[in-house]
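> Below are the structure tokens for one structure; questions will follow.
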Amino acid sequence: MWSLHIVLMRCSFRLTKSLATGPWSLILILFSVQYVYGSGKKYIGPCGGRDCSVCHCVPEKGSRGPPGPPGPQGPIGPLGAPGPIGLSGEKGMRGDRGPPGAAGDKGDKGPTGVPGFPGLDGIPGHPGPPGPRGKPGMSGHNGSRGDPGFPGGRGALGPGGPLGHPGEKGEKGNSVFILGAVKGIQGDRGDPGLPGLPGSWGAGGPAGPTGYPGEPGLVGPPGQPGRPGLKGNPGVGVKGQMGDPGEVGQQGSPGPTLLVEPPDFCLYKGEKGIKGIPGMVGLPGPPGRKGESGIGAKGEKGIPGFPGPRGDPGSYGSPGFPGLKGELGLVGDPGLFGLIGPKGDPGNRGHPGPPGVLVTPPLPLKGPPGDPGFPGRYGETGDVGPPGPPGLLGRPGEACAGMIGPPGPQGFPGLPGLPGEAGIPGRPDSAPGKPGKPGSPGLPGAPGLQGLPGSSVIYCSVGNPGPQGIKGKVGPPGGRGPKGEKGNEGLCACEPGPMGPPGPPGLPGRQGSKGDLGLPGWLGTKGDPGPPGAEGPPGLPGKHGASGPPGNKGAKGDMVVSRVKGHKGERGPDGPPGFPGQPGSHGRDGHAGEKGDPGPPGDHEDATPGGKGFPGPLGPPGKAGPVGPPGLGFPGPPGERGHPGVPGHPGVRGPDGLKGQKGDTISCNVTYPGRHGPPGFDGPPGPKGFPGPQGAPGLSGSDGHKGRPGTPGTAEIPGPPGFRGDMGDPGFGGEKGSSPVGPPGPPGSPGVNGQKGIPGDPAFGHLGPPGKRGLSGVPGIKGPRGDPGCPGAEGPAGIPGFLGLKGPKGREGHAGFPGVPGPPGHSCERGAPGIPGQPGLPGYPGSPGAPGGKGQPGDVGPPGPAGMKGLPGLPGRPGAHGPPGLPGIPGPFGDDGLPGPPGPKGPRGLPGFPGFPGERGKPGAEGCPGAKGEPGEKGMSGLPGDRGLRGAKGAIGPPGDEGEMAIISQKGTPGEPGPPGDDGFPGERGDKGTPGMQGRRGEPGRYGPPGFHRGEPGEKGQPGPPGPPGPPGSTGLRGFIGFPGLPGDQGEPGSPGPPGFSGIDGARGPKGNKGDPASHFGPPGPKGEPGSPGCPGHFGASGEQGLPGIQGPRGSPGRPGPPGSSGPPGCPGDHGMPGLRGQPGEMGDPGPRGLQGDPGIPGPPGIKGPSGSPGLNGLHGLKGQKGTKGASGLHDVGPPGPVGIPGLKGERGDPGSPGISPPGPRGKKGPPGPPGSSGPPGPAGATGRAPKDIPDPGPPGDQGPPGPDGPRGAPGPPGLPGSVDLLRGEPGDCGLPGPPGPPGPPGPPGYKGFPGCDGKDGQKGPVGFPGPQGPHGFPGPPGEKGLPGPPGRKGPTGLPGPRGEPGPPADVDDCPRIPGLPGAPGMRGPEGAMGLPGMRGPSGPGCKGEPGLDGRRGVDGVPGSPGPPGRKGDTGEDGYPGGPGPPGPIGDPGPKGFGPGYLGGFLLVLHSQTDQEPTCPLGMPRLWTGYSLLYLEGQEKAHNQDLGLAGSCLPVFSTLPFAYCNIHQVCHYAQRNDRSYWLASAAPLPMMPLSEEAIRPYVSRCAVCEAPAQAVAVHSQDQSIPPCPQTWRSLWIGYSFLMHTGAGDQGGGQALMSPGSCLEDFRAAPFLECQGRQGTCHFFANKYSFWLTTVKADLQFSSAPAPDTLKESQAQRQKISRCQVCVKYS
């Protein structure tokens, strides 16, 4: 038992010990003791288990003993509960750079980068290997056969025919026999015999010269494809233009100077050597200049370097830290008076001052000129200006030899020559003489008859000539001819040939290509020093120099006490000049200097003979006629080599030939040319030259078209000038005239210089003549190259020369006509055979030979030189339409459109908010009638009373009888016009009416008569009338919900209406109740006569309203009463329900023409009309002036000719048929079109149906669409002059250009002008009338750059510019000085006097500006003086009859209105949450607009903007609108990852960060308005809209926006009282983050917005909120609290 007790004690002790560490130890111990001892268990044994053997004395309790020693340490207790989180520590120091992190996820795709700069041109590559032989080309078509040429000239005389047969034997003569007759002496030569009979046709003469090329024939059918032709000769090119100069190379070290003696023999230039080995490294260069200070931010602190070597002992350290604080010193003297403090902050706003005195405003003074705008971009090259006035006469030009001009036109045929002298008579018996000189050519014979048509064989002999073909178009130039034979070998002679006589001066040649570099010349004498060149670019930095020897250790420096930073020193003296820079690149060519004065005559010295020149090219053959253009026949076979011709006259020097192949040098001793001697004196004048030969006759000009016959003139009076005829077709060329070449005439006197020409086209100008050699000038700066001038006008013909010496033998003339048959010759013996005759005329061209066989492939020719630069090609045809381009980036926001037409009636809206409590109502209307009283006694018949009040509306009667069926309803007479009613409230918009019928197409106009002549340009017309309004703009954005209006005052009751129509007599009523008994009963009397009317009784009291009677039977319809008098206007009625659409009415008579109304609201765009018929062809323009002759073409198609003078503008054609392109994007708003004319009257409406039940007329139908505009009325008479006010009116809008004036009378004929140069493009013609709207095309290419717009308004002040470059160092002397203390601030100066008012500036040009912002509400002005009475207006159209309304009683006085004065000065900020600017509420002027800034983050700290305050509406947007500055007076911009956050619009979320213009549609716009009182937001915390307090009105309703966070843990919030906490629209992502440094914006994933939620009132203090995730927009909105912004209005 004891053991159990001990065990229990131990257990309890252990339990108590283990629990004693807790706070409940006492209780547990007591509990445990009770558990042991108090368990109620009895121990069995004596004394209850106690030891009773010993006496138990209970002594008294002793006093408390001393405290025991401390017990041993207890065991460690269990871990305590975690404590609360401590406060955040201070921000730690910047840690070491961490290891590079893992690669992040791929970021969003960045925007496309800016295209790089174009790379430098590469080094030209080596020539490529020759390509493989190309495939044979396609077979060409046979060319069409040319027209037969003109008949050749008459052939030369054929050789004499064979002798004729012997004649018949003559009669025998008489025999005379004389004896002894001696033979007589030979008699005189007999007379020439009679001409013999014509001989037989001689053999064919030699072939005549080639005829002129015929006109091209009609295009024949394409021939069979020919075989492939032989390979052509390699083309001959021209050396290409010199390339751009290369980059300047590094400056080489100077080479050794060698003087080379001239060699004894010809030197040859060797081949280029191989590239040398790299040179040795040069000496170190001089030290470079100090570089410019770098740009960029200071870098991050670098990584600690390795420990350096032990340094020298340092100098004395700086003073130590200040010591401990000393003891309190003695009291000092009172200080001096302080300096005047700076100007204080501006004081609070004062009370409004009294209203100012109204002064008549003076004329507006012009403000000071604004800041200069930024320079605009260079405009495009302007149009060519008009020709300047004629310049002064220039000096006579010097004649220089130029190139041979093109062949002149064929001259007119010469006159027939004089008959030759008679020849010596021939002897019949002599041998035939030598052939005589060819006779002069005879006159041309008459043209032969037209031959028969030829046969159609392709290869055949020449057929008979065909009939005259129609004149063909000018054919293309022929291709390049075959390569000519190789010329004769040139002579090699070391001596130059004798100098030929000088040729006549040629025309100026074109500028030759740049020649090769000449041999190096001798060193010239030292020239005068040139002017200083332009400053070259800085040289490249020098290489690092070799390290110098270590310097000696410097002396120990003085100890510097001051630690104040000194001021910036002054600029030091200029350093020594730097090393010369690298040579600059070539400057551009300078302007040509003016012609210098002639120099003084040079000293004469014998010139050393110059070196031998290269052999000159052979001159062209002398005076042959001009070569005709190439013919169209096939090339003939090469002829045999002819005999060498007679040497011709020395030809004019031809143009420089192409550079030949490298020649073989013939070894001969060549001496280096000596130096040029000084110019010799002028020689004596040479003898007078022989007269020059007369030029060959030119081709004949083409005849013009025959003009139209003029009107027959009268005998004396000259008729009016006739119409100008069209230019005729060119006539056929006449026969070539003959005339011997005349002697050359003397040179003509120099002509007067022509006027200065318009600058010519640089591609076609000629090189001017070389000037006389002037003195060597100082080399000028090379100017830009000028444009070559036009050739001068042709000088007048020279004085005719003296008769020249006998000319050389003329050329062989053309064959003459066959002579008249001569008399028969004497019979004589057959002569000896004659000398062979001259070659015959050339025969007709033979048929083309058969195509030859394919030749052997030719060797690859050497590469030809580059061809000349081609002439500009013709403009290509317009390309096919490309596919539609990608949509462009959104354009900038356009101006506000015109107000759109009212939209159709929308569906019924949600019920509105409960209105504000109304004012106390007026007394109610009369009550219902009381119960029926007892019947009274029957009274006497009263006199008729006054007209009673209008009875209550009777009950609806029974349906009437069926009316008769009207066959044709006649139109009633129109009623008298009622007075116009007051304007009702605007009704709901009716449904859109049916569109009108399509108008008929108009007839095409006829041609007008031709004008007499081109009129002078009319003067500028008066500005036209303003056009009609343009088409409606696109629908504007939805406006703000309007504020609920104030309750209107109760309207006055209307006046009583006119009497109604007489009612139909009712049926007899039922029998009345029985009356009371009478006092006396008399017998009934006979029926009396009707009594006379009694006097009117007194007014009885108004009886109570009777009960409505029982409905009587339907009476017969009454006649219409007379029209009532018009009552006063009634109050506007409530809006009726829209009536059913009525049947269309009959067509009314056309009304009188109304005055021109104000421009209406633009109607909706009409249905696209049908395509117009194609317009008639316009009249032919006047024939342009004849263009100058073009240069010969190099290829098949010549260059485009110069642009002719534009013809007169043709009549305007009708619109063409519509294009087939799909509609393009909507164009910009076009200019208003002219008003349409009235359409034809519509067809008569359908006959109405027969009425069965005549219902009450329905309410009026909806208003139909507006009709077409009527034609413009005639302008009214001029109005009366207006009164002259003190204020000057604003300048009117710029007028439209007036119509062109009528043609003026014909001017006098002008003098013949010199031929002008090619004209430039004409100026832009006047703008035509706007055509009808065409179909939408594809999006066009970007338009030309527009004209510069008007200068914009002055922009806001820009951001501070970057810090300027450091100034030049100041001059300092050697003594450093401690800077002085800053001076005391000066006293504030007195206020300057007001300046004198400036002169009034001139009125600025320009059209009327845009309307300015609304000004603040001004004080009521003094009433103006009454204006002059206007003239009586025209009668208006008949108005609709107004309904008569009864006049109401006078209402109670209204509440006191706002007096004039200012608003309260409170600011209200509206954020649209779209990209459109919000509008201010009614009566609140707008102060500015801008972009909605939510908050900024800089240095990872956020700064919030309250959206209800004006600071959240920044006028200008920037992704980083701030910079940060530090104590070192340095500011940094865009150097850290700072951000800005802006309220966003409703644009769809983008996939990539936005940049530049793409950001604009995503930023919300805002406006700051001036409000009369402070606006307050109220929040409901549920789905209902909270009401505004009494006497407050609503501004807008929205959703409760609470706070936001962005990058990191930074963000901000809105005060719930602020209007910024009530956003009109809920967005889960309501703001946009812009990364300032990158200039991009995006909706990033770590942005959160916080909104007040809805809370049910019964769950305010209940269980924890249930978590929820809302993904649908509607569910999100239902969870967000609603709010309303209110402002006090009374």
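Every residue gets a Cβ built from N, Cα and C, even glycine.
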> So Cys1480 is in a disulfide according to Swiss-Prot. Which of these is its partner: Cys1375, Cys1569, Cys1588?
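If we follow Swiss-Prot, the cysteine bonded to Cys1480 turns out to be Cys1569.
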> Where Swiss-Prot annotates a disulfide for Cys1622, which of Cys1566, Cys1588, Cys1641, Cys1683 is the other cysteine?
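That would be Cys1683, the partner Swiss-Prot lists for Cys1622.
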> If one looks at the chain holding Cys1686 (disulfide bond), which residues at least 6 apart in sequence have a CB under 8 angstroms from its CB?
Ala1575, Val1576, Ala1577, Val1578, Cys1588, Pro1589, Trp1592, Arg1593, Ser1594, Leu1595
> Helix, strand or coil by DSSP: which one applies to Cys1588 (disulfide bond)?
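For Cys1588 (disulfide bond) - judged by DSSP and reduced to three states - the answer is coil.
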> Are there any residues at least 6 positions away along the chain from Cys1634 (disulfide bond) with a Cβ closer than 8 Å to its Cβ? List them or say none.
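Counting only residues 6 or more apart in sequence, the Cβ neighbours of Cys1634 (disulfide bond) under 8 Å are Thr1519, Leu1520, Arg1539, Ser1540, Tyr1541, Trp1542, Ile1559, Thr1640, Cys1641.
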> State the Cα to Cα distance, in Å, between Cys1569 (disulfide bond) and Cys1513 (disulfide bond), rounded to an integer.
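Their Cα atoms are separated by 11 Å.
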> Whose Cβ, among the disulfide-bonded residues Cys1525, Cys1569, has more other Cβ atoms within 10 Å than any of the rest?
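By the 10 Å Cβ neighbour count, Cys1569 comes out on top.
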> Taking just the CA atoms, what is the gap between Cys1566 (disulfide bond) and Cys1480 (disulfide bond) in Å?
10
> Just how many other Cβ atoms lie inside 10 Å of the Cβ on Cys1513 (disulfide bond)?
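If we count other Cβ atoms within 10 Å of Cys1513 (disulfide bond), we arrive at 25.
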> Determine the most Cβ-crowded residue among the disulfide-bonded residues Cys1531, Cys1588, using a 10 Å radius around each Cβ and all protein chains in the structure.
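Buried the deepest by this measure is Cys1588.
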> Between Cys1513 (disulfide bond) and Cys1683 (disulfide bond), how many Å separate their Cα atoms?
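Cys1683 (disulfide bond) has its Cα 21 Å from the Cα of Cys1513 (disulfide bond).
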> Comparing the disulfide-bonded residues Cys1622, Cys1641, Cys1683, which residue's C-beta has the most other C-beta atoms within 10 angstroms in this structure?
Cys1622
> Looking at the disulfide-bonded residues listed here (Cys1525, Cys1531, Cys1622, Cys1683), whose Cα lies nearest to that of Asn142 (N-linked glycosylation site)?
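Among Cys1525, Cys1531, Cys1622, Cys1683, Cys1531.
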> If we count other C-beta atoms within 10 Å, could you say which of the disulfide-bonded residues Cys1480, Cys1566 has the fewest?
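Ranked by other Cβ atoms within 10 Å, the disulfide-bonded residues Cys1480, Cys1566 bottom out at Cys1480.
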> Quick one: give me the count of other CB atoms within 10 A of the CB of Asn142 (N-linked glycosylation site).
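So the Cβ neighbour count for Asn142 (N-linked glycosylation site) comes to 16.
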